[in-house]
Amino acid sequence: MGPRGAPLLVVVLVLGLHALAEGEKPSPCRCSRMTPSNRKNCGFPGITSDQCFNLGCCFDSSVAGVPWCFHPLPNQASEQCVMEVSARENCGYPGISPEDCASRHCCFSNLIFEVPWCFFPQSVDDCHY
């Protein structure tokens, strides 16, 4: 392999590792708590549930007119904290620290502005594929 082949090999290895990392089946809460109207397509027409899960995506064919294979909600430290931002119920105050939020036994995520950063957890009993 010549000097021009080495960068290509690096790209192939990086893409392969990225594919392996993304091929993990998401948790049930990351899928079932996604509102159908907010689903972002992650597959192709006719994709099977196994193919979809192998892409690291969610699959639900029970709702017509929306993607059946879709990107999951973001991962959280606890399954109880996985939810759409519209479902967050405030558990703190503006500017609360992650430590103060945790002392209230609540979830913390400051990635999105103008929504509660400290919010009550939800039961995982309703999570399913």
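Glycine residues also receive a Cβ, built from the backbone N, Cα and C atoms like all the rest.
In Swiss-Prot this protein carries:
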- 1-23: signal peptide (SIGNAL)
- Cys29-Cys127: disulfide bond (DISULFID)
- 29-73: domain 'P-type 1' (DOMAIN)
- Cys31-Cys58: disulfide bond (DISULFID)
- Cys42-Cys57: disulfide bond (DISULFID)
- Cys52-Cys69: disulfide bond (DISULFID)
- 79-122: domain 'P-type 2' (DOMAIN)
- Cys81-Cys107: disulfide bond (DISULFID)
- Cys91-Cys106: disulfide bond (DISULFID)
- Cys101-Cys118: disulfide bond (DISULFID)
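Long-range contacts of the domain 'P-type 1' (29-73) within the same chain, counting only residues at least 6 positions beyond its ends with a Cβ under 8 Å from a Cβ of the stretch, are 21-23, 79, 82-84, 86-87, 122, 124, 126-129.
Looking only at other Cβ atoms within 10 Å, the busiest spot among the disulfide-bonded residues Cys42, Cys58, Cys101, Cys107 turns out to be Cys58. When each of the disulfide-bonded residues Cys29, Cys81, Cys106, Cys118 is scored by how many other Cβ atoms sit within 10 Å of its Cβ, Cys81 comes out lowest. Of all the disulfide-bonded residues listed here (Cys57, Cys127), the one with the fewest other CB atoms within 10 A of its own CB is Cys127. There are 23 other Cβ atoms within 10 Å of the Cβ belonging to Cys69 (disulfide bond).
Cα proximity to Cys107 (disulfide bond) (within 10 Å) is found for the following disulfide-bonded residues from Cys29, Cys58, Cys91, Cys101, Cys118: Cys91, Cys101, Cys118. Cβ neighbour count for Cys52 (disulfide bond): 22 (other Cβ atoms within 10 Å of its Cβ, all protein chains included).
Taken through DSSP, the domain 'P-type 1' (29-73) splits into 13 helix, 5 strand, 27 coil. In sequence order, Cys58, Phe59, Asp60, Pro72, Leu73, Tyr129 make up the list of same-chain residues 6 or more apart from Cys31 (disulfide bond) whose Cβ falls under 8 Å from its Cβ. Within 10 Å (C-alpha to C-alpha) of Cys52 (disulfide bond) lies none of the disulfide-bonded residues Cys81, Cys91, Cys101, Cys106, Cys127.
For Cys91 (disulfide bond), the number of other Cβ atoms no farther than 10 Å from its own Cβ, over all displayed protein chains, is 18.
Spatial neighbours are here defined as Cα atoms within 10 angstroms of one another, and by that definition Cys42 (disulfide bond) has no neighbours among the disulfide-bonded residues Cys29, Cys91, Cys106, Cys118, Cys127.
If you take the Cα of Cys81 (disulfide bond) and the Cα of Cys106 (disulfide bond), they are about 8 angstrom apart, rounded to a whole number.
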